[in-house]
Amino acid sequence: MVFSSLLFLFCFLPLVLAAYYLCPRGGRNFILFVFSLVFYAWGEPVYVVLMLFSTLVDYVHGLLVRRALDRGKRTLAKLVVASSAIINLGLLGFFKYADFLIGTLNAAFGLSLAQMNLPLPIGISFYTFQTMSYTIDVYRGDAPVQRNIISFGAYVAMFPQLIAGPIVRYQDVAEKLTFRRENLPQFLLGVERFLRGLFKKVLIANNVGMLWDTVYAASSWSVLSAWLGVFAFAFQIYFDFSGYSDMAIGLGHMFGFDFPENFDHPYVSKSISEFWRRWHITLGTWFREYVYIPLGGNRKGMAKTLRNMAIVWLCTGLWHGASWNFVLWGAYFGVIIIVERLFLGKLLERLPGFLRHLYTLFLIGVSWVIFSFENLGKIGGYLGAMFGGAPLVDRSGLYSLVNYLPLLVLFGICATPLASKLMERLRAAGTAGRCALGLLYAAALFCSLSYLVDATYNPFLYFRF
């Protein structure tokens, strides 16, 4: 079940909202927990058991860590944290990376080990990081232990952010799990944010995604079609993922939670380092707090700082997928950010802003090619077409340019802060402005629903991670 489906919008969401607000406050976490299990089981009826097991593991580990700390046994508490990490990463590694490892061993040593062909449990990369961070936060004293297993289960399984984030650390919602006061302004803010995400997902990401699918499926590309494909995928993945995050944050508001922001107009960045401060913010925060800083961060000299950065970026690449193109993608960004850290960042500061912006967009475009193709040969072929190793134009590229250029320009504007600033001005313009904003959202909802009624194309790209 996805947020942008008619089943979710007209069946699941009204039911869970009605049950939630009709239930006394003391039972609302239970309602969230039960409906979240139904939401997950709708697409993964078997793997809901795996998620429950992961939930139970860290619920127990959190209690054990707290007990050990209360008794002054810090070494024992560290061992419990290590146990949590081993179990969580073991489950993630088995289901996500086992076949990748087997395939790599077969290719490297001429073996013929049979692959397991396990389907990837939806959202496992997200909820594994959440449960693991809970135990670590309890050990560090950054979050209180949760003794109510239903409340902890609601945190892990909470359907708004279960499938594709934002990655919500326990310390971010610990207080709200126990003491939250839902109110109408927050609920309406959530509705507004959800509609914004629905618009981005359905009317932008889905439409531009069809252009990318056409380019991706081609056996060869002209320079024009290759660059059109890069723009199309850049817009699709941004509006798809940020649209999902907007819907998740909006749903969180409807239930009284404030989830962390996940995107901040990343395509306006003027360096790759800035881009990653604006893109998938909660993932970057997680790796900084639980990998980079524990390794020493930037506190132990430049050599170890660069080592720590390299480890984080290789992990970031692998987190996104179990194939060599994701390893290459992580290494690509890692090298660029290290070079920016060493000297390039200072050189960039001397350049005009538009040149820094072009530099960043160019490197991001190359990165999306690496991200998109698992076949390394296709990556080379596509990049070759982008940089002149193919005819300049072809019939398909010209057709796509004529049909999609106005939309690509419009989507580029939507990727900047201009749209957000316009909505803020309307909101601050009194009754007339708020009415205009309401009509704007009503029109977006009508167009989105009209599209969903007829459309069969409605993927979420980050479900596979």
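These residue numbers are counts, starting from 1, taken along the chain as shown.
Heads up, the Cβ atoms here are built off N, Cα and C, so glycines get one too.
Outside the transmembrane segment (42-64) by six or more residues, the chain places 1, 77, 80-81, 83-84, 87-88, 91, 95, 121-124, 127-128, 131-132, 134-135, 138, 145-147, 149, 152-153, 156-157 with a CB less than 8 A from a CB of the stretch. The transmembrane segment annotation in TrEMBL covers 42-64 (among others).
Summarising the annotation, TrEMBL assigns transmembrane segment to 76-95 (among others). Sequence-distant neighbours of the transmembrane segment (76-95) (same chain, 6+ residues past either end, Cβ-Cβ under 8 Å): 50, 53-54, 57-58, 61, 64-65, 68-69, 118, 120-121, 124-125, 128, 131-132, 135-136, 139.
Per TrEMBL, transmembrane segment is recorded for 107-129 (among others). Within its own chain, the transmembrane segment (107-129) has Cβ neighbours under 8 Å at 40, 43-44, 47, 50-51, 54, 88-89, 91-92, 94-96, 98-99, 156-157, 161-165, 167, 286, 319, 463-465, counting only residues six or more beyond its boundaries.
Counting same-chain residues at least six beyond the ends of the transmembrane segment (149-168), those with a Cβ under 8 angstroms from any Cβ of the stretch are 2, 16, 29-30, 32-33, 35-37, 39-40, 51-52, 54-56, 58-59, 62, 122-123, 126-127, 129-131, 134, 177-178, 241, 244-245, 247-249, 251-252, 255, 257, 259-262, 280-283, 285-286, 460, 462-463, 465. What TrEMBL lists as transmembrane segment is 149-168 (among others).
Positions annotated as transmembrane segment by TrEMBL: 215-239 (among others). Through the fold, the transmembrane segment (215-239) approaches residues 200-201, 204-205, 208-209, 263, 266-267, 364-365, 368-369, 371-372, 381-382, 385-388, 390-394, 396-398, 400-401, 404, 408, 411-412, 414-415, 461 of its own chain, all at least 6 residues removed from its boundaries and within a Cβ separation under 8 Å.
Annotation source TrEMBL lists transmembrane segment at 328-345 (among others). Within the chain carrying the transmembrane segment (328-345), a Cβ under 8 angstroms from the stretch's Cβ atoms is held by residues 271-273, 276, 305-306, 309-310, 312-318, 320, 363, 366-367, 370-371, 376, 379, all 6 or more beyond its ends.
According to TrEMBL, the feature transmembrane segment maps to 357-377 (among others). Listed as Cβ neighbours of the transmembrane segment (357-377) (distance under 8 Å, sequence separation of 6 or more from its ends, same chain) are residues 216, 227, 230-231, 233-234, 237, 267-272, 274-275, 320, 323-326, 328-329, 332-333, 336, 348, 351, 383, 386.
TrEMBL lists 397-419 (among others) with the feature transmembrane segment. Residues 200, 204, 207-208, 211, 214-215, 221-222, 224-225, 228, 231-232, 235, 238-239, 265, 267-268 of the same chain lie 6 or more positions beyond the ends of the transmembrane segment (397-419) yet place their CB under 8 Å from a CB of it.
Feature annotation from TrEMBL assigns transmembrane segment to 431-453 (among others).
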Six or more residues beyond either end and a Cβ under 8 Å away: which residues meet both conditions relative to the transmembrane segment (431-453)? 4-6, 9, 192, 195-196, 198-199, 202-203, 206, 423, 425
